[in-house]
Amino acid sequence: MRDKDLTIAVLGCGRHGYACHLRDAWLTPGRQLGKAIICGLLKQSDVSINSIEAAVNSDTSKVDLSKQLREGVRVSKGGNVKAANAADVVILACPPRAMTSILGEQGMDAALKGKPLVSVLAGVTTSAMEDVLKGGGDAPFCIFRALPNLAIATCASATAVEAPKSSIPREMVDVIDKLFRSLGGITYVPASNMNAATVMCGSTPAYVALFLDGMVDGAVAAGVPRDKARSMVAQMLSSTAALLQSHSPSELRESVCAMPGCTIQGNLVLEEGCIRGTSARAVKTAIDAASKLG
């Protein structure tokens, strides 16, 4: 398998995530991962894509989707098997509860033989997907699990990828690796860590956004215009992320708080609010919830 002129099918692009090329169209209430993935695929330039097949489940989704698409993306209603048959790579982006009905469709097992199926479903294991597909026979399937976040729409995702099975051809692994690297950074983790990775990559942007909201409000209360405060916070987050590539969070915090002054005073207030313990509990609670999604 080569990464040249790929046809990619995204199954589950209705309410759960429809494809479009408008700058902020992915940023709407509800889980929009399927939509964000296609937005990223349309933007990236590292992998040559021939076409994108977007499969939806209703006429409404098809109409809404078709209004916002550009050339190279084809929408079909109830065409999961047809889209999978036409594709070189199949991405499953439906709600976790819909996995069984989609993979269990007549002909889906045959459509997926010999090609990579990439699931972005939280809490759904590769063995669970294999069990559904093997209902149609004993042939092995090449299943990957990747857990990106919404920044995949801008090719800046933090994506966790489950370490692929040794039975999957190396050439196929390389294609999936290149595809997701074109959409951001990736980290390979064992299957046992995938629920934690779901939270660390997919959920934590919401937690960080909540904290940043408070920072912006504090600046506004001190007289800073909201748009200026948001701009400064966004740049701060980007520069902090760059520093964290080579320093631990503790090292960074201690460096900034090295001298008596405003930083340590603000840090003490955060410690009084038990921010570290609260953050740790929030992540652990979310990981426990992720384990129950499949």
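Glycine is treated like the rest: Cβ placed from N, Cα and C.
Residues or ranges marked as domain 'Pyrroline-5-carboxylate reductase catalytic N-terminal' by TrEMBL: 32-123. The average pLDDT computed over the domain 'Pyrroline-5-carboxylate reductase catalytic N-terminal' (32-123) stands at 87.
As annotated by TrEMBL, NADPH binding site applies to ASN80. For ASN80 (NADPH binding site), applying a Cβ distance below 8 Å and a minimum sequence separation of six or more within one chain yields LEU11, ALA55, ILE102, GLU105, MET108. In three-state terms derived from DSSP, ASN80 (NADPH binding site) belongs to a helical segment.
Taken from TrEMBL, the feature NADP(+) binding site covers ALA93, CYS94, PRO95, PRO96.
The domain 'Pyrroline-5-carboxylate reductase dimerisation' feature in TrEMBL is assigned to 192-292.
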